[in-house]
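**Q** Here's a structure for you.
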Amino acid sequence: MDFAEVSNTAMVMAAVVYLFAAIAHAGEWSAARGLDQRERRTSPAQELVGAGGPGTVEQPEAPDPRVERAWLRVEKLGRSGVALTVVAFAVHALAVVTRGLAADRFPWGNMYEFVSTSLLFVVAVHLVLVLRAGQRWLGLLATMLATVGLGLAVTVFYVDVAPLVPSLHSTWFLFHIVAAAISGAAFNVGALASVLYLVKARAERRGDVRGYLARLPSAKAIDLLAYRAHAFAFPLWTFTIAAGAIWAQFAWGRFWGWDPKETMSLVTWVLYAVYLHARATAGWRGTGAAVIALVGVAAYWFNFIGINLLVSGLHSYAGI
Amino acid sequence: MSRDTAAPVDSTDTTDAVEPDVVGGVSAPQQGDPAPTGARALRPLEWLRWLWTNLTSMRTALALLLLLAIAAVPGALLPQRPTQPFEVSSWIEQNPTLGRFYDSIGFFDVYSAPWFAAIYLLLFLSLIGCIVPRTRVYLRALRARPPRTPRNLGRLPASATATADEAVADVLERARVELRRQRFRVDVRDDSVAAERGYLREAGNLVFHLSLVVLLVGLAWGALAGYRANVVVPVGQGFANTITSYDDITSGGRFDPESLAPFALTVDRFTAEFETGPVQQGAARVFEADLTVTEEPGAAPYPYRLEVNKPLAVGGTDVHLIQHGYAPRVTVTDGDGNVSFSGVVPFLPQDGNFTSAGAIKAWDSRPEQLAFQGFFLPTAVVDELGPRSVFPDAFEPQLFLNAWYGPPREENGVPENVYSLDVTGLTQITSADGDPFRIRLEPGQTVELPDGRGSITMDGWERWVKLQISRTPGLGLTLGAVVAAVTGLCLSLFVRPRRIWVRARREDGGTLVEVGGLDRADARTGLDEQVDELAQTLGTREDEASAPAQDAGRGANDDGSSPRRAEGHDGGRDDGGERD
């Protein structure tokens, strides 16, 4: 088996294992959901069946063994989700590295390579959160994103290993594409956090935080993580556009030509600028800003997939 | 103006507890609506002022940014006239009603449309309206002392107490030294030390927004005084940089044709290689043009290898290799038996396999003029789809032409498209059966035209390169602005201002040291730790200073930051720092 075959097999395997991880995390969420409802129902039951003590229905002093067991199940499912994610991540990393070895260059030459590398960064951020801060609540969304993204990569975007076209022979191309991949990963992490923020903030507003949501950090803390991801990504995205412009100046003699890709990059940039400003403006803070962040990530994805596949421009090269 | 007295920070403080300059929205304050409504009409000056205040408000800036994002989208989805004129025409042909409507509102040239310009100009006006007052506020804050120590340090988001044996002054001196070491700006007052750091945040914020204005100036300068021209040069031929030798040129209003750099170059060789393997077959792999460059008349010529990402810079002008194609070399003999045309004729590539279209015009032919139009196919196949090229490299070059003749015409000086033939006044040459006479040539072959009208020979083929000659003044300014913008952005996002106060007083024979801290930006961690450490450095930490300690336990599991500190903002942020 040569590197290319190893890479292809590993990429498919990674997508499948991410799927299992996503299923485990989904189980974690749903187990917690059942738990909460059971807690309400079982407490009166316990009172009836129990040894006769006037146990408080609202706040049972002694932990209900069934609740304990349910929490344990949630914990087990969550941990297996993380374990599966670690396995998938290792296989995924192997796939990306062998892809580079097979092509004898950095594996960022086309959509397939870009999306697989970028998702590797997304999962890396998630795993860092798990290992360094014990936060695994991004697990469900991160593994779902990785599953769908890698699935798209191996089915729709896939191209065989090939050398680069001459216009990609540039140092600035490296800077441009690495910055794009990392900032894209951070934007996606930010978007995942923003989704959870919207869900959690809604529950908090209704005073109805139940199930797995209760295990999430406060909406404010989620918002802070989202902000950090975006604040990290935004300067990097600015640099991505700047490096692309410098490269364009070398390749085409104009640093900005309103190519569809350039335009959508700017649109994405402006949307995230709106996000950062909105976060500091009364009336837009919170939900408004989170929604704008999601619009921003939609623009990012449209720029990546839509522009490459639907619109012809200077970025349509290398097959896909 | 009112903004002078009301710093942006203050205004937002009233609306919310969180620091307003999280990213540094450089907007002017949004304090109460300054428009006197109702009773009487506004005087012009008041009206202007009302307009200005609203234009420079953060809400307007946000709306304009969103509008800019939305307005730019049509240009990404629809073909644009400056870059894709033919696609625009065919789009309008296919959707006549919608196309004409789009055209009338400028959707096919979005980035030159007045409404697009209006949005970004208003945005920049709003931006300038924010930078100026904020710069003034910032400069004043730079000279001001760190804010006075709040009365109750325990109410700050982070606080700790300790006891020490030394005198109050000694403790404060140690606090001063320690905070100086941590690069705080320190101010010692009667019984306390006030310290602040992170001034670079607002500086970065201002630099970023200012850089955007400079960027716009650089862009405008380049667009006004610069130019971009294209020229097709067949291999073996040369080009002198004069405005008449360009095939086309776009230039700004301040472009001076006399200022062209007086260089000349010849294209000695052009190498193109394409992928022949199974993966991405036909994709470009190597483009190299070998040039001989003469910088100015009389200068020593030197060789230069021009590649896609390696432009030639000569006399402030850039020469880029942007396209290449094929040019058949043909000889036309007229009905009188004289050679009426001989040379290379560039054909324009139509697809990725370089099916190339072009026209050969032998206007000197007598007794009748001859002209040809058709295709050059580098790797020709003829199948049910007709003649076409199946690979971009020249493995099986063939020329497919139709021929026309007509009476000699006066040269009228009207420019004509060199790549296509205007057949008005010409008659197509037909074969005996009445069908158009079809010519298929391989290198070295000659075809005689019917009825002794002449002949055409394909002698061979050459490649041509399309060179882009451009000059963009202000490029350095633009690049500098971008570098400054990214730097400023990083500062404004990653520098996190913090304030720390230390108060000491004699109590029970010892010195009681109180330390309090406040973060002035979101998303910062480590405030508790710093306050605790400082307290420990200054004295023996007291156990009862428990509030932060409790939090620290929870914080370890809880991302360590905001909920608790954000709550603290409400009570703790009554520092008078920004109010002069």
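Each residue, glycine too, has its Cβ placed from N, Cα and C.
Unlike curated entries, TrEMBL annotations are predicted automatically.
The structure displayed is predicted, hence computed values, not measured ones.
Grabbed the feature section from TrEMBL, which reads as follows:
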TRANSMEM  A:12-31  transmembrane segment
REGION    A:43-64  region 'Disordered'
TRANSMEM  A:82-102  transmembrane segment
DOMAIN    A:108-315  domain 'Cytochrome c assembly protein'
TRANSMEM  A:114-131  transmembrane segment
TRANSMEM  A:138-159  transmembrane segment
TRANSMEM  A:171-199  transmembrane segment
TRANSMEM  A:232-252  transmembrane segment
TRANSMEM  A:264-282  transmembrane segment
TRANSMEM  A:289-311  transmembrane segment
**Q** Between 0 and 100, where does the mean pLDDT of the domain 'Cytochrome c assembly protein' (A:108-315) sit?
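**A** Its mean pLDDT is 89.
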**Q** Taking a Cβ cut-off under 8 Å, which residues six or more beyond the ends of the transmembrane segment (A:12-31) line up next to it in the same chain?
**A** 70, 73-74, 77-78, 80-82, 84-85, 87-89, 91-92, 95, 123, 139-140, 143-144, 146-147, 150-151, 153-154, 211-212
**Q** Between the stretches A:82-102, A:114-131, A:138-159, A:171-199, which wins on the count of C-beta pairs under 8 angstroms to the transmembrane segment (A:289-311)?
**A** A:171-199
**Q** Going along the chain, which residues at least six beyond the ends of the transmembrane segment (A:82-102) come within the CB cut-off of under 8 Å?
**A** 2-4, 6-8, 10-11, 13-14, 17-18, 20-21, 24, 113, 116-117, 119-120, 123-124, 126-127, 130, 136, 139, 142-143, 146, 150, 161
**Q** State the non-local partners of the transmembrane segment (A:114-131) in its own chain: residues 6+ outside its ends, Cβ under 8 Å from one of its Cβ atoms.
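**A** Beyond its ends, the transmembrane segment (A:114-131) has Cβ neighbours at 11, 18, 82, 85-86, 88-89, 92-93, 95-96, 99, 107-108, 138-139, 142-143, 145-146, 149-150, 152-153, 157, 177, 180-182, 184-186, 188-189, 229, 304.
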